[in-house]
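K.L.:
Sharing a structure with you now.
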């Protein structure tokens, strides 16, 4: 195998051997010069244990070069032999210069050496020193080691890069570096995972010389075809700057043709660069539009999530809210990046250089025309010189100088645009954009990748929900088949059994029942006269010894008539009515006939009313007031269906009873504030700032009692964080009142302020400190200190199972999902109305299907109906 002949000073320096080593002084590759001819070198390569050696050919004219692996501590130990020349014995300032291409090496040795006064400080230059010969010496050998310290900044393209090492001496007379010898090899990355390439096949005549090690010669290449490069080899060359001839040709056909070609290329460059800038502006504008589109999409998701939280809110919380923020940042930053790093730099190059080509061309042509006109005049003069001719000759010389300068400037300008300095400026702009664009994309992908655990968690939640809904679907199908196969006769036979079952049920609960009944619009109507159209549907509620009828129950509850007091009433099946399933309620003031939807329902209503009548008599005997509003406030958790529905009716539909409701509210609210402060001493002061002034507000979803200043801060956080109510002006559900009774400020602060060590933090110097404290306490929850070891969702279910209200508040503070496994339904099934109310106030969904509704108690059904009614 042969290589390239070095025709310059080949006899001055000869590389006798090169040893590739590592940090532990292990020789990985040995290279020996086996040529005995002084005209060229022939190298033999060998490894320990006769391991194969890889070669790669980058350029056909260079021949194959050896491949080595880049590693920390890679060294090349050279054995160099210098020969004295006649008239030039010593070697002055022997220098080793390395590069990644012959062009780069040539530029370093010639142009950069001439222009850089600190050339010796270049990281690619190594000064070895002077080599001095004694008087009787004609040759001298030295050893010098080159290390790979500078390779840490080397750019490896496709896993490797060529290295060219050139030994040169300094010529004082010419003030330049004179190359003596060049050695090249190919470095691959140490972590490159690729199949080793087959050693480059050697020519036959070299294989005959040595059968154990391949040899590469610097002699001219022999005839014969060269095999293609090994698979996975890097490209032939790395991108390098275009070599430009700095000497312009004389003005003539060649110069004009070159200029004409440059002008055409520049014109095309002007057109395509202008279109490119417009396309980039369009892309930047598109990123702005995309930013607005994502904003609108996020707003749409948020609106629909407020309407249907179970379907959309988990998607927003676990993925899209954070992802949309990342998308917004990416689009804004990408638009800014395109504008600052592409559009503005390219437009500056276009406006200051490429756009002015016609002006520069016009100036050059005018100067050229003026010069050749002056030349014609100058040549038309006779050879006899006069004083005036000398003046004209000096003017002509000035014209010629101006023309040559103009020609030089125009030619240099055209060279800069066509692959020269301006082309390098464009490449620099694109490279800067590429680096920043990569960093931006990488950062955005990192942000998106961080959402992967949340997405996996969301998938697990959906999987569990799907399993639960499959069970619910099976229950619904079973219920539907039961409804299809059941008959009216069967229901009539089982009516008595159903009535007895309900009687046992009401013995355990309060005397409460609600349902759909038919009745006349007026209790005084004659049943024998009024036809079918006289019967109307009413939602009837039996609660605490009273029967309330509500009309228009499909849209909103409206109290139809005055409640019927059952203290002196009696109930019985209606005998004088031709319609079935009728019963009548008789009091000293009125007689009211109702029709149930089945015989079982009729018996159920009769049993419930009879039980309520007996209970009213007992309570009357004890002297206990049956006013439902007073019972709710004074005795805590005794609220039931009637008050709940009556409260909703008074709020949602104006009627003649509104004035009574207002009066009750005005008499009740002050007593609520007083009762809370009497029950809990901590409620006498604000839960956040400890002031005792105007403590008349509360955050019902935590729940805590607040002053007017702190309540304003709470209100600014939004209703999704805290729900503020006035203890003196607003009206509360009985369960909310019970929840306030059962907790108190100290109860809640043990959880939300358990981590405060320095209580000076609550001494607010200004409003900003107060606002920050409220946000830290309720929004960021930075003061919670808990040794709770369970998952908050699991802990929430356990608190419901054991009726542990404090643990439920703690789990919600730790981020438990209020809709986890239908926690509200589980609380209602346990008759735990305090935790159910706590969950509802914190946003729990009350979408209870019909099958589940039937399993709830009457009070639990009222709880759901009260909050599900629009």
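Just so you know, glycine gets a Cβ as well, placed from its N, Cα and C.
Remember, it's a predicted structure, so these values are computed and weren't measured experimentally.
Swiss-Prot feature annotations, pasted as is:
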type	residues	note
REGION	212-251	region 'Disordered'
DOMAIN	510-614	domain 'PH'
MOD_RES	625	phosphoserine
REGION	647-672	region 'Disordered'
MOD_RES	653	phosphoserine
MOD_RES	655	phosphoserine
COMPBIAS	657-666	compositional bias 'Basic and acidic residues'
DOMAIN	670-791	domain 'Arf-GAP'
ZN_FING	686-710	zinc finger
K.L.:
Using Cβ atoms and a strict cutoff of less than 8 Å, what residues sit near the zinc finger (686-710) while being 6 or more residues removed from its termini?
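P.N.:
Hits for the zinc finger (686-710): 673, 676-677, 722-728, 732, 736, 739-740, 743-745, 748-749, 752, 762, 764, 770, 773-774, 777-778, 809, 838, 841-842.
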K.L.:
Could you tell me how many residues in the zinc finger (686-710) are helical, how many are strand and how many are coil under DSSP?
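P.N.:
DSSP composition of the zinc finger (686-710): 3 helix, 6 strand, 16 coil.
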K.L.:
Pull the DSSP breakdown for the domain 'PH' (510-614) and write it out as helix, strand, coil residue counts.
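P.N.:
DSSP classes over the domain 'PH' (510-614) add up to 19 helix, 42 strand, 44 coil.
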K.L.:
How do the residues of the domain 'Arf-GAP' (670-791) split into helix, strand and coil according to DSSP?
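P.N.:
Once the DSSP states are binned, the domain 'Arf-GAP' (670-791) shows 58 helix, 9 strand, 55 coil.
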